[in-house]
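**Q** Pasting in a structure now, in structure tokens, and then I'll have a few things to ask.
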Amino acid sequence: MNSFPWLTIIVVFPILTGSLIFLLPHRGNKVMKWYTLCICILELLLTTYTFCYHFQLDDPLTQLTENYKWIHFFDFYWRLGIDGLSIGPILLTGFITTLATLAAWPVTRDAQLFHFLMLAMYSGQIGSFSSRDLLLFFLMWEFELIPVYLLLSMWGGKKRLYSATKFILYTAGGSIFLLIGVLGIGLYGSNEPTLNFETLANQSYPVALEVIFYVGFLIAFAVKLPIIPFHTWLPDTHGEAHYSTCMLLAGILLKMGAYGLVRINMELLPHAHCLFSPGLIIVGAIQIIYAASTSPGQLNLKKRIAYSSISHMGFIIIGIGSLSDTGLNGAILQIISHGFIGAALFFLAGTSYDRIRLLYLDEMGGMAIPLPKLFTMLSILSMASLALPGLSGFVAELLVFFGIITSQKYLLMPKILIAFLMAIGMILTPIYSLSMLRQMFYGYKLFNVPNYYFFDSGPRELFVSISLLLPIIGIGIYPDFVLSLSVEKVEAIISHFFFSIVFKKKE
């Protein structure tokens, strides 16, 4: 066990310091915003320092472990630790939350509560990624939903209450299945509950029972990821939420579902995952084409970007179902890549709304001349979304593509068919991305504003946009920068997966 509680400090620091926001002067919006931004920067620096000096990339085992008895009656532990699978999402969480705080600078109504909720969400997300106890994972998963619901219901469009209610109904429904799975696995075959990830990874279950557990976890993670048909909350939520909240949803929240699918379904329930992986690949391929086909019909700019996110999540599902090193590495890279791309697209959509007060594409047009900086940034990021070579999306999708082709589990013809469907999805992506750019920036000026003059992106907005763009370019040019974090862990997961399958067959 680690002698110094680095991870505990990283998890509790945002919410503890964030609670002091309410002690600041009520009208001191600027002081409070700088205070929140400083907390996020300090947290990101602390996380980076801890991982740089106390984490070994070539070690696939859990590191920086902390294990404290919490509730004696239930034998419940505060158990934290990180490995190659969780380090990337934790760093992504810190980076996106810091920029989302800067993006939320224009928020003035109930600003104290808004920024506190962002910091509470920050703690919940890092806690979910670093939990090594199944019940602690569930508690962090649920805790994170509270600030998200409040952010959705209090700040946003006219239908924000409807979208927030829809979000909480979907996620709470999924959480019921998550809790059943957690209790079922923890209480199975033992007088005392066993909730330690390391212990559960070596636990064996009857196939029928393992399938039941798997389905419960799959439903919970399918809502968050989202996987069709559990996706309908996402376009409504993104369409109404404030764009800084959208950055957190697209950049981090969706990735929690993918993380849980690998961490729990694949690592703890390998035999059921082997049975369900062909279905995951089929659903992933359908999702890519379905969302890419639906996106062009969305006139709401943020809803169109939301459907593009659903399409990109299909590649993550296929990578997880490919049962290959290459495919799983591609899925993890897509988690990080889309975190940057999705957050950047929603940020730029929000900044354009701040200027023209329009969200529907059929009301826009001719914005390239008055807003050249916004036009340039959104064009580059749309290219990243459609997986232009040299940008991060291309490498991630290519790895998933090769992962399914080289997988040893599937026959040749099904692999060719899935690859063909993925290729169709890749062809459909430029249609909705480029048509979005055409409707926004080219053609006639459809917004009739007398003596119009719009301010282009300012220094703050350019800083946020460029900060999100640089990692996208960096990963596209040198993907090993991210892959080196997870490659050893992915190899260990795949090796343990196939060892468990072979061992089960021998029994």
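Using the three backbone atoms N, Cα and C, a Cβ is placed for every residue, glycine included.
Relevant sequence annotations retrieved from Swiss-Prot are reproduced here:
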- 4-24: transmembrane segment (TRANSMEM)
- 37-57: transmembrane segment (TRANSMEM)
- 87-107: transmembrane segment (TRANSMEM)
- 111-131: transmembrane segment (TRANSMEM)
- 134-154: transmembrane segment (TRANSMEM)
- 208-228: transmembrane segment (TRANSMEM)
- 272-292: transmembrane segment (TRANSMEM)
- 330-350: transmembrane segment (TRANSMEM)
- 386-406: transmembrane segment (TRANSMEM)
- 416-436: transmembrane segment (TRANSMEM)
- 462-482: transmembrane segment (TRANSMEM)
- 483-503: transmembrane segment (TRANSMEM)
**Q** Which listed stretch (208-228, 330-350, 416-436) has the most C-beta pairs under 8 A with the transmembrane segment (272-292)?
**A** 416-436
**Q** Would you kindly list the residues that approach the transmembrane segment (483-503) from elsewhere in its chain, counting only those six or more residues past its ends and only Cβ-Cβ distances under 8 Å?
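**A** Residues 57-60, 83-85, 87-88, 201, 262, 266-267, 270-271, 273-274, 323-325, 328-329, 332-333 contact the transmembrane segment (483-503) from elsewhere in the chain.
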**Q** For the transmembrane segment (37-57), find every same-chain residue at least 6 residues outside the stretch whose CB is under 8 Å from a CB in it, and list them.
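**A** Counting only partners 6 or more residues beyond its ends, the transmembrane segment (37-57) has Cβ contacts under 8 Å with 2, 6-7, 9-10, 13-14, 17-18, 63-64, 82, 84, 87, 90-91, 94-95, 97-98, 101-102, 119, 122, 126, 484-485, 488.
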**Q** Ranking 134-154, 208-228, 330-350, 386-406, 416-436 by Cβ pairs under 8 Å to the transmembrane segment (87-107), which is first?
**A** 330-350
**Q** Where, among 111-131, 134-154, 386-406, 416-436, do we find the most CB pairs under 8 A to the transmembrane segment (462-482)?
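**A** Most Cβ pairs under 8 Å with the transmembrane segment (462-482) come from 386-406.
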**Q** Which bits of the chain, at least 6 residues beyond where the transmembrane segment (134-154) starts or stops, bring a Cβ under 8 A of a Cβ in it?
**A** 76-80, 110, 113-114, 117-118, 120-121, 123-125, 127-128, 160-161, 163-165, 167-168, 171-172, 175, 178-179, 182, 185-186, 195-197, 200, 237, 240-242, 245, 248-249, 253, 256, 260, 264
**Q** Report, as numbers and ranges, every residue of the chain located at least six residues beyond the transmembrane segment (416-436) whose Cβ falls under 8 Å of a Cβ in that stretch; write 'none' if there are none.
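**A** Contacts of the transmembrane segment (416-436) (Cβ under 8 Å, skipping residues fewer than 6 from its ends): 281-282, 285-286, 288-289, 292-293, 295-296, 301, 304, 307-308, 311, 314-315, 318, 361, 382-383, 385-387, 397, 400-401, 404-405.
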